[in-house]
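Here is what TrEMBL records for this protein:
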- F:CYS35, F:ASP37, F:HIS88, F:CYS91: Zn(2+) binding site (BINDING)
Protein chains: 8
Amino acid sequence: MLYQQIDMELAEREAWALRRQKGIPNNRRLFVLACMDERLPVEEALGIRLGDAHVYRNAGGLVTDDVIRSAMLTTNFFGTKEIIVVNHTECGMMTATGEFLTNALREKGIDPDSVAIDPALPELKLPPGVFPKWIRMFSDVDEICLKQVELLRNCPLIPADVQIHGYVWEVESMRLRRPGVRLAEKVNTAKAMGAKG
Amino acid sequence: MLYQQIDMELAEREAWALRRQKGIPNNRRLFVLACMDERLPVEEALGIRLGDAHVYRNAGGLVTDDVIRSAMLTTNFFGTKEIIVVNHTECGMMTATGEFLTNALREKGIDPDSVAIDPALPELKLPPGVFPKWIRMFSDVDEICLKQVELLRNCPLIPADVQIHGYVWEVESMRLRRPGVRLAEKVNTAKAMGAKG
Amino acid sequence: MLYQQIDMELAEREAWALRRQKGIPNNRRLFVLACMDERLPVEEALGIRLGDAHVYRNAGGLVTDDVIRSAMLTTNFFGTKEIIVVNHTECGMMTATGEFLTNALREKGIDPDSVAIDPALPELKLPPGVFPKWIRMFSDVDEICLKQVELLRNCPLIPADVQIHGYVWEVESMRLRRPGVRLAEKVNTAKAMGAKG
Amino acid sequence: MLYQQIDMELAEREAWALRRQKGIPNNRRLFVLACMDERLPVEEALGIRLGDAHVYRNAGGLVTDDVIRSAMLTTNFFGTKEIIVVNHTECGMMTATGEFLTNALREKGIDPDSVAIDPALPELKLPPGVFPKWIRMFSDVDEICLKQVELLRNCPLIPADVQIHGYVWEVESMRLRRPGVRLAEKVNTAKAMGAKG
Amino acid sequence: MLYQQIDMELAEREAWALRRQKGIPNNRRLFVLACMDERLPVEEALGIRLGDAHVYRNAGGLVTDDVIRSAMLTTNFFGTKEIIVVNHTECGMMTATGEFLTNALREKGIDPDSVAIDPALPELKLPPGVFPKWIRMFSDVDEICLKQVELLRNCPLIPADVQIHGYVWEVESMRLRRPGVRLAEKVNTAKAMGAKG
Amino acid sequence: MLYQQIDMELAEREAWALRRQKGIPNNRRLFVLACMDERLPVEEALGIRLGDAHVYRNAGGLVTDDVIRSAMLTTNFFGTKEIIVVNHTECGMMTATGEFLTNALREKGIDPDSVAIDPALPELKLPPGVFPKWIRMFSDVDEICLKQVELLRNCPLIPADVQIHGYVWEVESMRLRRPGVRLAEKVNTAKAMGAKG
Amino acid sequence: MLYQQIDMELAEREAWALRRQKGIPNNRRLFVLACMDERLPVEEALGIRLGDAHVYRNAGGLVTDDVIRSAMLTTNFFGTKEIIVVNHTECGMMTATGEFLTNALREKGIDPDSVAIDPALPELKLPPGVFPKWIRMFSDVDEICLKQVELLRNCPLIPADVQIHGYVWEVESMRLRRPGVRLAEKVNTAKAMGAKG
Amino acid sequence: MLYQQIDMELAEREAWALRRQKGIPNNRRLFVLACMDERLPVEEALGIRLGDAHVYRNAGGLVTDDVIRSAMLTTNFFGTKEIIVVNHTECGMMTATGEFLTNALREKGIDPDSVAIDPALPELKLPPGVFPKWIRMFSDVDEICLKQVELLRNCPLIPADVQIHGYVWEVESMRLRRPGVRLAEKVNTAKAMGAKG
């Protein structure tokens, strides 16, 4: 009977729309931490689809208190069992130092030491002089990727059995790599290729 | 000559891969703040494509210090002129209160008042008892959307001429709405439709 | 031999064109009662195809004597075993009361009590004053859907073993729902979601 | 700015979902009266699409009081300006006489003179003996099509300026024809083709 | 090894190009006799493809000495085992009588009794007065189809075990039928449908 | 209004189905004479489509009295203005002599001098001994193609202003050529290419 | 876990990019020697794809010292086990003699006996008068193809177990053939087809 | 008339098949020198199609006497006006030194000083000890690319007005680059990106 087919489809739709209150996790039980860069197609890069993952993105793809908050929620309360970090080459976070940017803001008339860094949570304050560090500029994408994985693995707010790995997205080749494994450095010269003789 | 065609394509590729150091903004000069929920296809929902926007996503699509940091960077230093906030119905942030979750963590042996909320920036600390608020659970998606827009509009770290608007993604219809404009409430009864007579 | 293949195809074509005189039922042995609204794609909504069902549509998707006539014919004489009713949100039948519309007709110079409601069957007459009720305006789509199912289930002109169910098509989401099961009411607030704590 | 594009799309969606209360007619300002037969793909036959027409369908595609009710509503209150009738060959309404079917029901234990023909509107009653006529069996599809057009054109409940035409759908060729214009009768013999000499 | 794959493909190509000298029959061992009319898509009508059949076509799809010659060759020497005849409705051969056309030629200055009917084979001559019959105009497509099948079945130049059948292509429905089986005559009236009662 | 669109489409359909009695020629006013070989896709070879041409096909694509009959009809009475002949390489008509085949028939018990060559027109008779010539075997495809064009151009039953040309289809390359223009003979050796020096 | 899928894909990418230093042969362990002509689609002609073969192409598809060098490298050091030679009809190498071209160069002011034939390897010199032969013009494509296969089979720098075959690409039919097997010569006349009788 | 269309198409086909003897150059008047590597899709890399270019490929994409021969022919006699060189990263030519490979051959029993390097042209001989250099192994792909362009630009056998450029294909990104312009070296660290402050 047709009504039975329809009822099954309606049940699926309801399970989709009421996932959180029914306690259904995302399809891959996955949390992604990635940079907000416009050249990083997160789903395509990882080979995932709508429904598969909670995708956190910020400037740099860096561990912050907001990342910890979001990862704590999904791993403790929404069934997530795996975390993947994706940083990328030519990140805007490598274009200047925190001090340089802080000075630039000062020149615009902003006082970094008195400005509210979180307008929704005034209780969250930075000690004087920490503002440049808070911007979290970095200098090496492979190192920073390994560092984020380490930070998450050691965080007590994330259950110890969550699997955590990191990758680097190359905007120059639009492909993924393991941190530190730069194919482009092994292909241009005989020396890099380990020529014989 | 073919070499001229090839050189033009190579220049385009270089402009893509070196966008940040060449000072090229994203295509739509856009920053998006959206929830990390797996049912929210950000690009499809907004009708944008790879290269168009910096996409920030966290639990709830809420303004945090990380959002301020990321938005500050893109609007002050990377040429962004517009911000769009996307919250969504049936958000996990409406499934419990902050206190309820804090207690649940305590039962797992975690002390919310002593745990480091930002392992990468130890200087960032919460006063005792603020942890439940820091989780940022909320109770009404339309209100919370309007609130985020207001928070961003009033933030001194974001230039005043940046255009800021918010929308709600309906997971039940997989469509966007303006906050507070719920079509589903205007269509079920004669009264809701403003029947004549 | 090719002629055998051709003869088989011709037999299929003949069975299609002479279905009624050969006593072949529709593919799903199904009768659908649906509203005539232009936003209701009946086949797509139910997941059916050409040849699958007898599809009755009128203003509202309401049980009338014409519905009874049509359903009586298909269930008693053409092999139909299932009935599905489809009403829809934002139906024109909820835009006014029958009295309001009757008055509007009167203002156009039409006398509802004397006009022939069925020019092909003059024997079919309404008692005075029943015209507004005959228009069959209604006030709640979920209730009206349940009501139509009940009317059909109790009708002696329809065999008792015919399976009868009803659904509501949401024009705001272009999806089907069970009458009374409105997902859109369970997703906007923590309270509606049954938040813990 | 992107928000302007999104707002325009949301306005279109709202206009779709709230068509009736906003007084927006269907796209072609069209009402279709067609048979409920499973071999009649109404939209394809007429070359119309979702949103284009109010589509009324019953057993036979015949004018009844329900048709008058539905057509009255759409032409007087929903902006419709054109009516198209579609009957079809090999219609189930030509498989027997009304008397034959009435007797068949009697043999099943149903008393046609006492049964309620409209369970939702008990005021609607048939005089004794009219039941067979009420079933509306017919004997010639071309004649019946012309007749329905005439009935609608003369109905005072339908505004005089509404354009009304009728067509016959051939299930044997899956194509439309004008009533009375049967190509298949002009192609099989020299005589039918008006051979010279 | 790749060369083995290539050699197999080359062998197939050779078998295609040298079919006749290698004694390879057509794929379906089929000979088709069809009308040359532009509205008759022979392959599509029969569901056959390139390589499947020897397709003979002339004015009318009629048995002539050229048909006998061609059918004799393919059935006796090229491996053909089946013949299918396809005539069609609204054939030009039903637009006039042979006498009418002969007179029309005479008016153009042509003497039918002296003109060479076969410029390549002068030995082939018509007795005086037979020209109109030679044009082979006919008056009923179903009859003519049956007749061609009979002529071929009785022809001593075609082996007795060849299967021979005929069909009529309806240009009005673009479908095939068996000769004499006109669906269009069984669908327009209750009488034609064999109505009960 | 929709009915106007529909009426236009119905008029087109009628013009298609009643082409001959309405005196409408085929789309390209074209008659094709081609071989019946299964490797010759006539429409594809000439770049024509359904409705474009009257397509005559027989064993060899040779001028016979049936060709003259068919071409006479289409050029004098159906509006045709152009004739194209298509013969092809590796034709079965080059696999033996007429004498060889006649003897083969004799061995099967058939007397070529007494058999009826046209069962539908007994008046058409061959003088004794002409049977082998009547089979029309040939020995050179380029010559035979030019010959057919010549025969048609000189035929008084075809109007003098009809344009007549011939081509050869190469089954080995599945392409067309002008008769006598064999590219394959100009490409294999320096001598054939007219090498310099 | 997703990271395992990603790691597998990264390993594949690395194996692709570092094929030579990892000692991975091409997919088919194949070396192709083909002409550089713009009408020869090597991959399509052989039915191979990216990654399948080392493809050597020069003027003529002829064995030279550069071919020996390249074939020596791939068969001795890169794992190749098969060689296929592809020459083609209408090759530019058949348009003139070496002497004719040498004279043409002389007329442009070039002295063939003193010019460096290999600017990268001055040690490679031609004895006087050998320049015309060095250009390697040829006169028969089938012969030249067989000759190249023979040269390669006898070359001591290529391992004896390498399989070596040659084919000719016909630009006139855009198909491959075995050297010496010219279908186009077997299809035009009864004699070429070996007609009986 | 159709025959005119067909004749035009036949003329095009003839111009394709007889390009060299008619003196028609390739479509882009282009000669490509590329490596034979299986990971280099020459046409796709350059954005060219069948018919566009003479494509020379050898081990390394290096200038040899065979390259000079082929380029001399196409630029002096076949109308070519542009040359593009394509080398690629991770080339097999960077996996060892010529000496290493020569020794490896010696170990297989081959005497490099006595073996014929060109079996088709015995006059072409290497002085003793030059064999390792003749293998043409190289050590830097960007340098080698620039070098090949220089060698060709200075070659007197190639007309001075021919435009000559070179590119490097990156197998790790499957994209082209200008020699020496390695995007991958500018994107991994703040220092490489020229970070401010």
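Any Cβ shown, glycine's included, is placed from N, Cα and C.
Curation plays no part in TrEMBL annotations; they are all automatic predictions.
Other residues of the same chain near the Zn(2+) site, with their Cβ within 8 Å of the Cβ centroid of F:CYS35, F:ASP37, F:HIS88, F:CYS91, are F:ALA34, F:MET36, F:ARG39, F:LEU40, F:GLY60, F:GLY61, F:ASN87, F:THR89, F:GLU90, F:GLY92, F:MET93, F:TRP169, F:VAL171.
In the three-state DSSP reading, F:HIS88 (Zn(2+) binding site) counts as strand. In this view, F:HIS88 (Zn(2+) binding site) is surrounded by 25 other Cβ atoms within 10 Å of its Cβ, with every protein chain counted. Sequence-distant neighbours of F:CYS35 (Zn(2+) binding site) (same chain, 6+ residues apart, CB-CB distance under 8 A): F:ARG57, F:ASN58, F:ALA59, F:GLY60, F:GLY61, F:VAL86, F:ASN87, F:HIS88, F:CYS91, F:MET93, F:TRP169. When Cβ atoms from all protein chains are considered, those within 10 Å of F:ASP37 (Zn(2+) binding site) total 30, not counting its own. F:CYS91 (Zn(2+) binding site) counts 29 other C-beta atoms within 10 Å of its own C-beta, drawing on all protein chains shown.
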